Structures are given as structure tokens and as C-alpha cells.
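Peer 1: Below: one structure in C-alpha cells.
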Amino acid sequence: MTYNIVALPGDGIGPEILNGSLSLLEIISNKYNFNYQIEHHEFGGASIDTFGEPLTEKTLNACKRADAILLGAIGGPKWTDPNNRPEQGLLKLRKSLNLFANIRPTTVVKGASSLSPLKEERVEGKDLVIVRELTSGIYFGEPRHFNNHEALDSLTYTREEIERIVHVAFKLAASRRGKLTSVDKENVLASSKLWRKVVNEVSQLYPEVTVNHLLVDACSMHLITNPKQFDVIVCENLFGDILSDEASVIPGSLGLSPSASFSNDGPRLYEPIHGSAPDIAGKNVANPFGMILSLAMCLRESLNQPDAADELEQHIYNMIEHGQTTADLGGKLNTTDIFEILSQKLNH
């Protein structure tokens with residue numbers, strides 16, 4: 001079997017971290033004996049510059065045919081038209097592929113807890129995953145309008161939309177430490193009242209998983225005061241957007257966090273959670289670990305290569321533990337150095 005992978009380098013540091021990761025994929029495929037082919041497509045701001053829109057039909061159709069999609073990063077201050085922004089291409093891609101589940105693991109690597117802005121004893125060994133609903137909620141709700149006197153956004157969830165994301169979270173929790181925290185604003189929002197009701201109903205199908213409910217403001221506090229209490233967190237789109245960014249800084253850098261977005265069937269999208277960092281683009285100083293860890297998720301989930309994913313992750317964790325990092329993590333290596341060291345380790 002030959003896997004079909006679509007590469008979307010995007011903007012800013014996206015091309016350099018994605019292209020380096022693809023060089024690692026070539027080494028890994030030879031080592032673990034699997035075949036793949038790559039289609040490169042412009043996306044985001046780069047696509048706006050070339051084609052006038054962030055996501056062309058050609059690119060979208062290629063993504064629909066793919067087994068997996070690897071995305072570098074998109075966006076930047078260059079693209080200011082509110083009706084034609086790079087981020088709108090990503091929203092359209094998620095909606096078109098029905099990528100309703102976003103998985104964001106956050107791990108504090110052994111020996112790297114000193115990098116965290118929190119006290120080491122609070123974060124040592126922290127390992128949690130946030131499961132975020134990605135294609136409904138206030139980002140997609142209708143009606144919506146904006147003028148100089150009034151603005152309206154709509155927050156809507158159906159039972160089916162809640163059930164499908166909650167099942168993903170329960171299954172993930174069952175495969176880990178068996179604890180699920182559901183986050184809502186049930187004390188004031190009608191959508192959250194339905195959310196909590198559905199979570200309680202679905203929980204009956206997963207007796208091996210312990211469930212607790214937290215209001216979103218309480219959860220944001222506990223992520224800082226006691227992050228190690230969490231295993232899997234599930235939440236709606238807006239809450240997940242905010243909480244996952246909060247959680248991602250606990251290891252010490254946004255550059256350490258990967259993510260995966262998927263539907264019940266069809267291709268999955270893998271990307272680091274950080275932005276395009278246009279201020280450092282092309283300077284060979286970007287931290288590529290988030291992108292490489294996203295590649296590891298792709299190897300495990302879409303390319304059926306769990307051993308390769310484990311090896312790649314372990315090499316990264318060992319590098320971080322021994323201070324072989326870029327400057328944002330206190331190290332002295334540049335982007336190219338990271339890829340060269342990992343290439344040597346994988347070829348060993």
C-alpha cells in the first residue's frame with residue numbers, strides 16, 4: 001500500500017518546519033519499510049498571494065483524496081482583509097472534511113519541568129489530552145452579523161454533535177488512565193446544559209471511565225494550580241480553543257505541542273498548535289518539535305506505524321531532556337541542527 005499525504009507548508013515558519021519533517025519521514029519510511037507519496041499544495045496566505053483565496057478547490061479535492069494531511073502553519077499580519085484571511089481557509093477545510101475532533105496532547109518531558117512557568121513540583125510528569133469539538137459552536141453558528149452598532153454570534157449544539165465528540169473522549173480516556181473531565185458553562189448557557197446532560201447519558205456506556213464536570217472558569221484555574229489532576233478533558237469549540245492554548249504553555253513553549261484533527265472516517269489533519277511566527281521566518285531559529293511530534297501522531301494514527309512513532313517521540317524527549325533544543329527552550333541549536341541530529345538518531 002502507498003499512503004497519499006498532502007503537505008500544506010503554509011506561511012511564515014511553516015515551510016521550513018514541514019519540509020524538515022518530510023525529510024525525517026523519508027528516513028523513517030525506509031527504516032520501517034512502508035511507501036508514501038507527497039502532494040504539495042499552497043494554503044493560507046501563500047494561496048491568497050497566488051490564487052486569491054486561502055483554500056482552492058484543487059487543494060481541497062486533494063485533501064479529500066488523501067490518507068493524511070500535514071500542515072505547517074498559516075497566517076500573519078500581511079493578510080488583513082477580513083473577508084479573505086488565511087484562517088478562513090483552515091475553517092473551511094475542517095468543515096469540508098468534517099474534522100469534528102481536535103486532539104491536543106500536552107506532556108511535560110522528564111528533565112524539562114524547569115522550562116515551565118509554573119513550579120516544577122506542579123508540572124513534573126504532567127500528561128493530559130484536550131479533546132475539542134471543532135466544527136460546531138459559536139465559530140460556525142448562524143445567524144451572525146456585524147455593524148457599527150451591533151454584533152451577533154450564535155452558539156448552537158445538537159445532541160448528535162455532542163455525542164460524537166464525547167464518544168471520542170471516552171474512548172481515549174478508557175485507553176489511558178480512565179479519567180474524563182467534561183468542561184462547560186452549565187450554570188448560564190443552554191448549550192452547556194444539553195452538553196452536560198449528554199455527557200452523563202453517554203457515560204453509562206463507559207463504566208470503566210470516571211467522569212467529573214467542571215465549569216470552564218474553574219477548569220482554567222485548575223490547569224494552573226493543579227494540572228496533574230487531569231487525564232482527558234473534553235469541551236466545546238470555544239472553550240477548547242482557549243483551554244488548549246493555556247495548557248500548551250505549561251511545558252514551557254508552544255513549540256512543543258502537536259495536534260490532530262479527524263472525523264469518523266476520511267483523512268486526518270496534523271499540525272503544530274503554534275502560529276506562523278513571521279518575525280522569525282527564514283532565520284533558521286524556529287522550534288520544529290511541535291511539527292515533528294505532529295508527524296509522530298500521523299505515523300501512529302494514519303500510517304499504521306506505531307513503532308516508528310514511538311521511536312521518533314523518544315528521540316525528541318531525549319533531546320529535550322539533554323538540552324538539545326532551540327533557544328525558546330533554553331538551548332543553542334538552530335532548526336537545521338534539530339533535523340540533522342534526529343536524522344542521525346533515526347539512521348543509527
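Cβ from N, Cα, C; glycine included.
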Peer 1: Can you find which of Arg65, Arg132, Arg144, Arg177 Swiss-Prot lists as binding substrate at the same site as Arg94, Arg104, Asp217?
Peer 2: Arg132
Peer 1: List, in sequence order, the same-chain residues at least six positions removed whose CB sits under 8 Å from that of Gly76 (NAD(+) binding site)?
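Peer 2: Non-local contacts for Gly76 (NAD(+) binding site): Asp11, Gly12, Gly45, Pro86, Ser276, Pro278.
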Peer 1: Using Cβ atoms only, which residues of the same chain lie under 8 Å from Asn287 (NAD(+) binding site) while being at least 6 residues apart in sequence?
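Peer 2: Asn287 (NAD(+) binding site) has long-range Cβ partners Ser253, Gly255, Leu256, His274, Thr325, Thr326, Asp328, Leu329, Thr335, Ile338.
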Peer 1: Using a 10 Å radius around each Cβ and counting other Cβ atoms from all shown chains, which of the recorded positions Arg94, Arg104, Arg132, Lys185, Lys283 yields the largest count?
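Peer 2: Max Cβ neighbours within 10 Å, all protein chains included: Arg132.
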Peer 1: Starting from each candidate's C-beta and looking 10 angstroms out, tell me which of the binding-site residues Asp217, Asp241, Asp245, Asp279 has the most other C-beta atoms.
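Peer 2: Answer by Cβ density within 10 Å: Asp241.
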Peer 1: Cβ within 8 Å of the Mg(2+) site centroid (Asp217, Asp241, Asp245 excluded): which residues?
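Peer 2: Near the Mg(2+) site, beyond Asp217, Asp241, Asp245, sit Val216, Ser220, Leu238, Phe239, Gly240, Ile242, Leu243, Ser244, Glu246.
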